[in-house]
């Protein structure tokens with residue numbers, strides 16, 4: 001992949017290490033300065049000139065977490081769109097992300113970046129030769145399309161002609177099929193967290209979305225973990241892309257320190273409480289914090305605006321806890337709340353409104369612990385996040401890098417704590433090969449105070465046994481206080497079993513090394529290590545000797561002396577086993593000169609294996625998934641076609657598998673992808689008929705000065721400033737009103753017809 005340099009968008013009169021040298025608009029530079037961005041990061045310094053070059057060029061960028069990748073594609077986006085709204089109908093930029101919280105974060109950063117652009121300044125693609133007074137003087141319109149929101153609100157957002165659409169693939173696919181959305185106007189496409197987007201879960205959505213995009217678009221891929229080979233991203237339609245791959249050697253932030261704990265699966269809860277209390281020192285949540293959060297949620301809009309400036313409360317020692325499934329999240333949340341901590345939680349199946357509220361409480365410091373699944377492992381930037389805890393060890397190096405990348409961002413220091421069971425130890429060894437750092441298991445309390453040791457090595461230890469037992473007894477008392485904990489724990493264990501069956505496997509060599517490591521376990525306790533002295537170290541050495549004691553006799557030799565049959569049998573057996581152990585322990589000496597010998601392993605193969613989208617699957621596994629059997633395929637198809645299935649709606653047996661003409665449950669899109677028929681339900685047509693609105697075609701001029709407001713049910717002029725006009729009062733009278741008016745008029749006539757009683761008049 002070419003990595004040649006691309007010239008800047010200007011002649012480079014200013015130093016190459018500044019935003020001014022990139023040819024950015026003055027108002028965009030002003031916005032960056034007001035937000036505190038004065039010097040670009042390395043990924044921004046190499047990406048922005050490429051994206052602003054002429055003609056536009058595709059780009060694939062990789063840099064470690066917290067390096068400013070979001071601004072690396074948002075700055076060229078605002079620059080190319082001119083910082084203002086286009087008068088023609090159709091979105092001009094599309095940003096695809098894998099998670100809703102990440103989409104909300106990018107939306108916030110984009111709006112802040114484009115705020116303050118002077119009306120009428122800046123030229124952009126999409127404008128035709130029109131009079132200056134017809135050009136829109138409004139700022140960029142941003143649209144958010146994520147799951148969990150109402151479809152009608154998103155219909156309204158599309159009808160208001162957004163310039164930039166930030167979306168998750170699933171809901172965007174639903175809107176594209178339902179609205180028959182035309183994306184030919186899109187000129188700038190961003191795939192953020194591209195390695196997660198191009199995994200199997202989003203294959204159908206991306207195939208249809210990319211098929212509707214124009215071939216002349218500019219495509220950008222960004223992630224913290226990307227392989228060197230771009231074959232896995234062929235579906236993105238890249239055309240001669242430039243590869244910007246930074247920090248491929250460091251992989252994680254140098255300001256991050258890590259520690260690993262060898263624990264038993266049944267003792268993870270006690271270890272978590274011990275870690276939070278004695279190591280991280282997370283304070284217990286108070287009622288004042290919760291009450292303050294409720295008062296702030298119920299405050300008015302003006303009070304919330306003042307709070308952002310004057311009333312920022314930050315909880316100390318904020319901690320992010322990653323769990324395997326939503327069942328783990330629910331159980332850990334209840335456990336920690338019962339223990340007295342202020343906890344928020346997020347998982348994929350949680351309602352979108354609840355997810356937003358939980359994340360907002362953690363961001364504002366109302367809670368100091370956030371329990372999540374991997375839905376929050378991508379791109380989420382949480383200020384002042386100090387600690388990340390891996391309650392369940394991730395199965396791949398990519399997931400681990402993204403998890404721990406939530407801390408130690410933008411020059412801040414952070415800690416990453418991980419629990420490792422015996423089953424997960426081979427994955428830790430794979431991670432050690434990926435990071436290129438040694439694993440150390442035996443260190444003293446003096447070494448435990450050296451923070452640089454945790455940054456250079458993978459420290460593996462255990463908690464003190466007496467403290468773990470105390471926490472286990474404390475959890476039993478919590479079960480009595482919260483009777484739902486035992487049932488939630490049972491559900492979590494079932495989910496743990498399913499999670500372990502679905503996990504990928506580590507390499508064969510890692511399993512061999514893990515078995516050797518488990519024979520000589522280390523017993524260094526990190527909790528309270530600073531206060532321990534030489535006496536405590538001697539005590540641990542003694543306990544380690546007792547723990548590793550193995551008797552020389554077997555059960556068959558107990559009480560036997562001399563040349564008894566069992567004794568002789570076990571001696572011969574022991575000699576044979578010792579020879580096998582000695583042969584296995586022989587380390588082969590290298591027979592090739594490393595200076596002239598070419599290895600059959602590619603240099604950096606372990607790193608590329610960790611970055612791969614297949615999570616390091618072997619060639620045999622990849623080939624098995626990529627092949628299909630041609631023998632007897634027609635017979636199998638005919639058998640499926642003739643099979644009868646029960647239709648619950650029609651209450652009878654029908655032919656087909658649900659995708660045929662007899663019971664259509666799938667629809668085929670323009671790209672040939674099969675989607676559920678519910679994606680094209682006619683709901684958008686009903687919405688248009690109900691609100692009496694018609695959308696212009698892509699490229700046509702939008703209605704000047706008019707935007708659609710769903711609450712009013714009609715198009716409104718901009719002179720109302722977003723407020724719908726009042727309903728005209730009906731002048732039709734009811735029968736009672738007519739009868740009453742007639743009676744009143746009759747009384748008036750009778751009164752006026754009476755003779756006058758005044759003198760001098762007849």
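Heads up, residue numbers simply count up from 1 along the chain you see.
Each residue, glycine too, has its Cβ placed from N, Cα and C.
Sequence annotations record features per position, and here TrEMBL assigns domain 'DEAD-box RNA helicase Q' to 17-45.
Taken from TrEMBL, the feature motif 'Q motif' covers 17-45. Over the motif 'Q motif' (17-45) the predicted model carries a mean pLDDT of 89.
The domain 'Helicase ATP-binding' annotation in TrEMBL covers 50-244.
According to TrEMBL, the region 'Disordered' annotation covers 291-311 (among others).
For 308-450, the entry in TrEMBL reads domain 'Helicase C-terminal'.
If you look up TrEMBL, you'll see 712-762 (among others) marked as region 'Disordered'.
Residues of the same chain that lie 6+ residues outside the compositional bias 'Basic and acidic residues' (728-743) never bring a C-beta to less than 8 angstroms of a C-beta in it. The compositional bias 'Basic and acidic residues' annotation in TrEMBL covers 728-743.
According to TrEMBL, the compositional bias 'Basic residues' annotation covers 748-762.
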Helix, strand and coil totals (DSSP H, G, I; E, B; other) for the domain 'DEAD-box RNA helicase Q' (17-45): 17 helix, 0 strand, 12 coil
Residues of the compositional bias 'Basic and acidic residues' (728-743) by DSSP state, where helix covers H, G and I: 9 helix, 0 strand, 7 coil
